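Worksheet: the structure to be examined is printed underneath.
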2 protein chains.
Amino acid sequence: MKKTILSISVAISCAYASEGLLLQEAKQNFGPLPKTFPSETNTLTQAKIKLGKMLFHEKRVSIDGTTSCAKCHPFSYYGADNLEKSRGNFGKLNPRNAPTVLNAAGQISQHWRGDRKDVEEQARKALLGKGSFGAPSNEWVEKKLQSIEQYTVLFKKAFPNDAKPISVANYAKAIGAWERMLSTPSRFDEFLEGRSNALTQEEKAGLKTFIKTGCASCHSGALLGGTMNQKFGMVAPYWEYTKSKKIDEGRYNVTKKEGDKYVFKVPQLRNIAMTSPYFHDGSVTSLKEAVKIMAKVQLGVDLSQEETQSIYLFLESLTGKLSQDIVTVPLLPETN
Amino acid sequence: MKKTILSISVAISCAYASEGLLLQEAKQNFGPLPKTFPSETNTLTQAKIKLGKMLFHEKRVSIDGTTSCAKCHPFSYYGADNLEKSRGNFGKLNPRNAPTVLNAAGQISQHWRGDRKDVEEQARKALLGKGSFGAPSNEWVEKKLQSIEQYTVLFKKAFPNDAKPISVANYAKAIGAWERMLSTPSRFDEFLEGRSNALTQEEKAGLKTFIKTGCASCHSGALLGGTMNQKFGMVAPYWEYTKSKKIDEGRYNVTKKEGDKYVFKVPQLRNIAMTSPYFHDGSVTSLKEAVKIMAKVQLGVDLSQEETQSIYLFLESLTGKLSQDIVTVPLLPETN
């Protein structure tokens, strides 16, 4: 009898110790998601956020009148678009997969190749992007916005000290402000804050596998990614394992540095289960398959089916809560 | 003194009498908006409505993966898309302007030419429409839906007595059920229910002008339209006044009856101020201009600027309230 009690309590202590260790390891690698993603150059005011939310859904600034930020980042699909590659104005194919806009502001940079320094620059440059909004010029966009009476009022409220409140720079700042609010904490954050049973035993086992396998060496921080650039295919060429139709040289095409060949920003993993398909070219639909490929080409590890499933279950715990504000669409002003 | 009191009370009585008369006339022509638009063949259950709302936003059933009902009927734009003519799969141009889906279920039929008997038929046929979803077959759509695990559960809940819950017919019924909930009452309904000051004096004057001019002879009922088909251009060919790029023969192309030449369904006027551009071809952007043209080509009336403005102000009072449920986007299931 005594022996049984002893072994039970040893088992419990071990479980506690191992749980404590897991939390400690998790805290070393990751961090809880901040409530917002502030910026030194773009103060988050209510008026700016409100306007930004409207502009995020505004199609009238695109050449075909169908393209808004929400077109490629609909919140129904967790801020991504479920396509291999996005389709912008007149259905034009974009060169890469649209990553989710949720929590995106918390990354070191924007776009797969990190060639947009922040969400504001991304929003601003997308306007003139041939495959995105396709607007002919900044002046054209400003004229469009000026033609909608209510925006005159709203831009003035959001940028009260500007001599010319309606500008593409302010359009980008407003959208940036809105995007800096798109934080979607999940049960994983509760776990990181010490509530051990916020994750199931299976999810905790998955977290352990995730760290043990080496995934966390790149997928780290509050977003489990978005903190660095890395070569896709450290161990083996990615295109031999993905279903990529062509080879994308990644950051090399931006910097022309040999060391940047096949380098991409490490994508964040927040809401990853909801934002299929995967990789810069959306070439893989199944998250489990994506996990297996990553382990193989980045770490040289052949994951077993059980390990893959285990990591998959952990990744599902990163599906966050979208606030009522995020899922409420704004009503846009009348065309004058 | 007595005389003054007398004349004030006479004036008040007259005002009351005239207000009463206006309400009476309004009630003869229009009716308050129902809370839902029920159907004898499609019972509105919570499970069906919930599923229908999701399917309304579902792009995975389109050939290009970008087209959902919400693409041409986004609620940010009051259920219409602010385009002359909608763009469906791969940016294909549709033959006519997308009318709002708000309150649409309350009409005698769907589409400008009335060639869809109800919202369910519209939803079902849009799937295979070359310019809309472009799906190759009903079976293809059903396979897509079956591939998304969560839909198996949701269709079963919505259609518990069906041997095969996932079907295009049930897809259409679910979307129809959701669309039958899209009622957007406005201050005009409060006025019709007897709260006289729900409308401003200017709006009431506009209502009077609207009725007096003859608009209400076609734009009648709870939706101020959607109750009948009529020739567009009773007095003068419409294309001489609109900015139409080509002549659309309307219902004639559906029925081949000579009497149906240039006949269209009379569009509803609920939320009309928010759903520019106007007419079957979206050829006119300004609501005031559309009002002037209608008076001219339908009634042979040259409206003065004041009368046009007056009617415009009344029409703005038809902008309704979108419930929180309408403006909340549903989160869609993971791709499996």
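Using N, Cα and C of the backbone, Cβ positions are placed for all residues, glycine too.
Note that the coordinates shown come from a computational prediction; the quantities given were computed from them, not determined experimentally.
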Listed in TrEMBL for the heme c 2 site shared with B:Cys215, B:Cys218, B:His219, one of B:Met54, B:Met294: B:Met294
CB within-chain contacts under 8 A for B:Cys69 (heme c 1 binding site), separation at least 6: B:Leu55, B:Phe56, B:His57, B:Val101, B:Ala123, B:Ala126, B:Ile175
Inter-residue Cα distance where the pair is B:His73 (heme c 1 binding site) and B:Met294 (heme c 2 binding site), in Å: 25
Assigned conformation of B:His73 (heme c 1 binding site) - DSSP reduced to three states: coil
Secondary structure content, the domain 'Cytochrome c' (B:47-156) (per DSSP, counts of residues): 51 helix, 4 strand, 55 coil
Cα distance (Å, whole number) from B:His219 (heme c 2 binding site) to B:His73 (heme c 1 binding site): 22
The domain 'Cytochrome c' (B:201-319): DSSP-derived helix, strand, coil residue counts: 54 helix, 10 strand, 55 coil
All-chain count of other Cβ atoms within 10 Å of B:Met294 (heme c 2 binding site): 25
